[in-house]
Structure formats: structure tokens, C-alpha cells
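Novice: Straight from Swiss-Prot, here's the annotation block:
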TRANSMEM  18-38  transmembrane segment
TRANSMEM  55-75  transmembrane segment
TRANSMEM  103-123  transmembrane segment
TRANSMEM  130-150  transmembrane segment
TRANSMEM  187-207  transmembrane segment
TRANSMEM  225-245  transmembrane segment
TRANSMEM  246-266  transmembrane segment
TRANSMEM  284-304  transmembrane segment
Amino acid sequence: MTAQLSYVEAVVVGAFQGVTELFPVSSLGHAVLVPALVGGRWAQDLSVSAHRSPYLAFIVGLHVATAAALLVFFWRDWVRILAGFFSSLRHRRIRTPDERLAWLIVVGTIPVGLAGLALEQLFRTTLGKPVPAAAFLLLNSVALYAGEVLRRRVAPVADEPAVPDAEQQHGDEASDNRLAQLPLRRGVLIGAAQILALLPGISRSGITIVAGLWRGLSHEDAARFSFLLATPIILAAGVYKIPELFGPLGAGIGGQVLAGSIASFVCAYLAVRYLTRYFQTRTLTPFAIYCAVAGGASLVWLALR
């Protein structure tokens, strides 16, 4: 990879990562499938299952860039959430919506954080191959469609405003106040759904949005909670593996990492901006169709090669 990955390839991969990390289509699944389908040196250089692949160091930079884009987009929310978190520690109780939302994110992050430390490398090396990724992408399609079916069943509950004067509130703070009404145990369940995204082909944002719909959230609030939950996990995953970026695996690819990270940041920012508006009025169905087509076509292509 050091000698072969061009800046154009780095930018293309970075942009692709930034979009697929937040769209409910699985960035890891695409990171496995696209090089295999393209073939040639991409299949050799861009391998996530190889134990010592330099591509793993490259991905670290992209994860940090994606998390940075989420932090920039939601910076006002994170200022309030962090203030609420430290306020709750100082007063030793949860009193406000911001404090409650902070702890919902904390309890929702712990399960996937522990599972990631224990299982990420095992899943990546054993299942990070084209056929399992395509199969899980099909399963992701089923999950997204099932989420829409469940949403219709609980729609009367989800449409009731959780905050008494919610109709007088507008924008992000109103959504955060609605999210703060979730019981902590539901926050744990929605956050724990991210564990499934360790499987290549299962989307982190998709599975948490589905879990949110299942627990009665609207599409808008489920997507917002999904992106807030994803931020600390994506950032922690990147920071945890930064030594790989500056170690032997990252030798000679600093320029490519920077170029790819810039592309990833820009595309992730545009993606989250688009999706937060998209889910105000629309559903997961188009993404379910895409995953079904992409997963099925990939399986057929791989079988015929």
C-alpha cells in the first residue's frame, strides 16, 4: 500500500468512508466489498481482514476525521451535553434534560465499547471477507425494512410529544428534550444495538435507528440519537488505534492519510447535514432496497468470478 496507494485513491476511499459511515449502509461492509469487486491491486492493498495491513492505519485517520465532522456539526449539542454531564457529577443527581441525555449517551456507549475491545479484531479477521460482508449487507436490508414495519406498529406512541410543550419548541434542543425522556434502560438497549455493527455489512447508524424506532422514537429523533451515540464510539476507535498510524503500519502514507481524512471530514459533514434533514420526513426504505440490491448483486458477482 505504501508504494501503490495514490492520492486520488486515498481521496476516493476517504470520501466513500465519510458517506457510508453515516448512511445506514455499513461503511465496513463497503470497505470489504468494494476492493474485492474492483479487484486488482485494490483487493490486495485495501484489505481490512489482513492482520498487518497498512490500510488499517489509513482507516484510523478516516475514523478520526468522521468523528471530527460529527463534533463540528453537533457542536452546540455537545456543549450542552458535556455541561450537563459535569453538572450531574457535581450535584450527584440528574435534574435537567441535558444531564439525562448525557447519561443516555454514556450508558448507550458502554456495551459497544466493551464488545469492541473484545470482539472487533476477531470479527474483522474472520468475517471481514467479501462473501460474509455481502450476506450481512442483505441482513442489514432486512433489519432496515423490519424497522419500518415496527415503526408503523408503534407510530401512535412515537408521535405523542414526550415534552408537554414540545409543540412550542423548535429545532435541535426540542429533539434533545424528547430524547431525554427515554428511560435509561432504553438508552442501553439502543446503544447495545451498535454491537451488531461490528459485523461487516451491518450499519451502525441503521441498526441504532431501527432500535430507536422499535422503542417508539420518530425517524428524526432516532437518527439524531444514532449520530450522537456514534460520535464517542467512532472517536474512541480512532484515538485508540492512533499508535498504528504513527507506527510501522503508517510509515510512508502520511500524505495519503491527510488527503483521505480531509475528504472523509467533508463528506461526513455533508452526509450528516443531509440525513438530519432527510429523516424529518422520510424513511429507511430506500436504504433497505439499496442494501438488498447491493448485497444480492455482490453475492452473485462473487459466485460467478
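One-based numbering along the chain as shown.
Here the Cβ of each residue, glycine as well, is placed from N, Cα and C on the backbone.
Quantities reported herein were computed from a predicted structural model and do not represent experimental measurements.
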Novice: Sequence-remote contacts (6 or more beyond its ends) of the transmembrane segment (225-245), Cβ cut-off under 8 Å?
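Specialist: Hits for the transmembrane segment (225-245): 21-22, 56-57, 60-61, 63-64, 66-68, 70-71, 74, 77-78, 81, 101, 104-105, 108-109, 112-113, 116, 179, 182, 190-191, 194, 204-205, 208-209, 212, 217, 257, 272, 275-276.
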Novice: What residues in the same chain, six or more past the boundaries of the transmembrane segment (18-38), come closer than 8 Å to it by Cβ-Cβ distance?
Specialist: 45-49, 59, 62-63, 65-66, 69-70, 124, 128-130, 133-134, 136-137, 140, 144, 197, 200-207, 209, 227, 230, 234, 263-269, 271-272, 275, 284, 287, 290-291, 294, 298, 301-302
Novice: Considering pairs 6 or more residues apart, do the transmembrane segment (130-150) and the transmembrane segment (284-304) have at least three CB pairs under 8 Å?
Specialist: yes
Novice: Excluding the flanking five residues on each side, which residues at least 6 beyond the ends of the transmembrane segment (103-123) place their CB within less than 8 Å of a CB in that stretch?
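Specialist: Residues 81, 85, 88, 94, 179-180, 182, 184, 187-188, 190-192, 194-195, 197-200, 225, 228-229, 232-233, 236-237.
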